[in-house]
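Report on one structure; see the data block that follows.
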Amino acid sequence: MMNDKDLSTWQTFRRLWPTISPYKAGLIVAAIALILNAASDTFMLSLLKPLLDDGFGNSNSSILKWMPLAVIGLMVVRGVTGFVSSYCISWVSGKVVMHIRRRLFSHMMGMPVSFFDQQSTGTLLSRITYDSEQVAASSSSALVTVVREGASIIGLFIMMFYYSWQLSLILIVIAPIVSISIRLVSKRFRNISKNMQNTMGEVTTSAEQMLKGHKEVLIFGGQKVETERFDAVSNRMRQQGMKLVSASSISDPIIQLIASFALALVLYAASFPSVMETLTAGTITVVFSAMIALMRPLKSLTNVNTQFQRGMAACQTLFSILDMEQEKDEGKLEVERAKGDIEFRHVTFYYPGKDTPALNDINIHLEAGKTVALVGRSGSGKSTIANLLTRFYDVSEGSILLDGHDLRDYRLGALRNQVALVSQNVHLFNDTVANNIAYARNEQYSRAEIEEAARMAYAMDFINKMEHGLDTVIGENGIMLSGGQRQRIAIARALLRNCPILILDEATSALDTESERAIQAALDELQKNRTSLVIAHRLSTIEKADEIVVIEDGRIVERGVHAELLVQQGVYAQLNRMQFGQ
């Protein structure tokens, strides 16, 4: 779970302001429109005095003639300013959400693999979607309410003091009480909002796990377990929502109760003869109407605090991610195409938060153009070696050299351009077959090159059977393809990149025997003149490796070629007998 920095609301808003400020022109236009909108309401109310005192009281027909035109004019102003303010605020809000999401997305892409290993996908998706929307709410809806209702309150106060300053002074007494009430509930709102955002991440994670693993849920009868899990997180979300509603609902009647006392005091004060002498029917109507009209903006300002605090809590959550250090890329060394000589020197590695090393004093030399296979039981540390070679993680002790230079001396982009990776967990994008093969480099390769890579990976036989061939959209993570077909697309991607270093992380594990034989020929061709690190589950695929390294509990326990290791009758020979049933 991420730790949110304990920033005050003001400090949080100050950090948010640089995101909003580029669009301040829209905010200024919206603010002017909102003030004019509020002013039109105030002027509409002020028309009551001349209407009652002169129009009806003194039978002044001229007032009755221009009054309808004034009402129509004010309503036109109100309608136009309402449209302008809504449009400008929506424009600013959309820009702010887009900016925050882009910044968050870009920052997450630069985070180390360890960050994603420690966070659930659902929680991160909730940060990009739900939390970003909450921030927009604090910078749009809250702003509308504060400016419009604030202008209304100021306008109503000015009008009240203009007509009867004696009665209006009573309202000044309740202002500090209202302020204290709002402050008391603000902290409560912020804490509940933080909990709601965390719970929303849990809801998203629970739903995502069920959707992605629905086949496993069905085959293992996990419907009850998943339903109970989802019910639990949904109920926590409901409870947090009810706490928020309770806090908000309590604040409303408190404000109204305070206002009712103020109205009662005004009525009492108006009964004094010295005050009554200064009042007319129009004056008392306008003052009382203004006091009642103040209830709505006061209530709105109280409610906006809920949304504003929710947005500020979301800001703190997002800032906690943006404050995390991105993947270190301090290397300066550039290389167009490496020779591919790789050496692990006394490499020890601990996963973050672990006391036991995943790898302990690993020494491996992969000569350029040679193939080294890593063999061992599940969890022995084979894939960790591949993760270190690509610098998904950095070594804890020791060093890894590429062509005599420490991997950390290379710029990350330059280093990873030297490596093609085919793993057992193939990820494909919801795009065409061709775009998946040429992923991120569509403009670099011709159609003929893409097709040739697919042919060498023995993928064209099933691609040609698709409705649109290479232009067929394969769905999210290649849902329309079988496991073997997805693996062949990944191999075609590696063939097309033509990198000097190749990592095969159980690349044929998802293939049937016939497909494996077909693709093994392509892999043999792919490995020629390339430094290959092969992590093997099927030992038959690595019998021709230049060296086989056996890993056990993060240590190298055996090394040699296939025939030598069989003669030693050690761990490799035991694994071989288990696999072939000897």
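Glycine is treated like the rest: Cβ placed from N, Cα and C.
Feature annotations, reproduced from Swiss-Prot:
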TRANSMEM  25-45  transmembrane segment
DOMAIN    28-310  domain 'ABC transmembrane type-1'
TRANSMEM  69-89  transmembrane segment
TRANSMEM  137-159  transmembrane segment
TRANSMEM  253-273  transmembrane segment
TRANSMEM  275-295  transmembrane segment
DOMAIN    342-578  domain 'ABC transporter'
BINDING   G376, R377, S378, G379, S380, G381, K382, S383  ATP binding site
Next on the checklist: Quick check on the binding-site residues: of R377, K382, whose CB has the lowest count of neighbouring CB atoms inside 10 Å?
Outcome noted: R377
Checklist entry - For the recorded ATP site formed by G376, R377, S378, G379, S380, G381, K382, S383, which further same-chain residues have Cβ atoms within 8 Å of the site's Cβ center? => result I551
Item to check | Fewest Cβ neighbours within 10 Å, where candidates are the binding-site residues G376, G379, G381 | outcome: G379
Next on the checklist: Given a separation of at least six residues and a C-beta threshold under 8 Å, show me what packs close to S383 (ATP binding site) in the same chain.
Outcome noted: D505, I535
Checklist entry - Including all protein chains shown, what's the count of other C-beta atoms within 10 A of the C-beta of S380 (ATP binding site)? => result 21
Item to check | S378 (ATP binding site): tally of other CB atoms within 10 A of its CB | outcome: 7
